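Participant: The following feature annotations were taken from Swiss-Prot:
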| type | residues | note |
| --- | --- | --- |
| SIGNAL | 1-18 | signal peptide |
| CARBOHYD | 50 | N-linked glycosylation site |
| DISULFID | 60-138 | disulfide bond |
| DISULFID | 68-132 | disulfide bond |
| DISULFID | 69-109 | disulfide bond |
| DISULFID | 139-157 | disulfide bond |
């Protein structure tokens, strides 16, 4: 009985130690994305502050659509060191292991349109960072739909900040 209680306490202590650190306080150190300590912490490839929607759309080209994506998962977030002849074989088959989260997969994306102002004589510059605070990506124009897919991937996207 005494062994099981100490094993339980040790297990709980190991769980607490393994938890990721809590979120930093608002405005404190570490609350930004590492580029001037500003913005969303989930944005890996930031874009310049003075880039407009028109410039970003031109960078994407005519074969891709400028999009704002709420979620992005990048490969290389985890690293597993496997030893032995068949070390890691099962984990690689079931989809875990190094880079298991994908190769820059973007999810929950919405289209960013270039809005033409009503008054043509007044130049209005829509800054891309004002339109989208999440991941800005160039998504391939394709008629595919991922609504009822098993994998759920419809549009291959590339982070805009990675091609600048």
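Every residue gets a Cβ built from N, Cα and C, even glycine.
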Participant: Provide, as an integer number of angstrom, the distance between the C-alpha atoms of residue 69 (disulfide bond) and residue 157 (disulfide bond).
Facilitator: 9
Participant: Quick check: of the recorded positions listed here (50, 60, 109, 139, 157), which one has the Cα closest to that of residue 132 (disulfide bond)?
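Facilitator: Spatially nearest to residue 132 (disulfide bond) by Cα position is 109.
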Participant: Near the Cβ of residue 157 (disulfide bond), how many other Cβ atoms are there if near means within 10 Å?
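Facilitator: There are 24 of them.
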Participant: If you measure C-alpha to C-alpha, which of 50, 109, 139 (recorded positions) come within 10 angstroms of residue 60 (disulfide bond)?
Facilitator: 139
Participant: So which one is it: of the disulfide-bonded residues 60, 68, 109, which has the fewest other Cβ atoms within 10 Å?
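Facilitator: Across 60, 68, 109, these disulfide-bonded residues, the one with fewest Cβ atoms within 10 Å is 68.
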Participant: Taking each of the disulfide-bonded residues 69, 132, 138, 139 in turn and counting other Cβ atoms within 10 Å of its Cβ, which one has the fewest?
Facilitator: 139
Participant: When the Cα of residue 68 (disulfide bond) is compared with the Cα of each of the recorded positions 50, 109, 138, 139, 157, which one is closest?
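Facilitator: Result for residue 68 (disulfide bond): the nearest of the recorded positions is 109.
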Participant: For residue 50 (N-linked glycosylation site), what is the tally of other C-beta atoms lying within 10 angstroms of its C-beta?
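Facilitator: Around the Cβ of residue 50 (N-linked glycosylation site), 10 other Cβ atoms lie within 10 Å.
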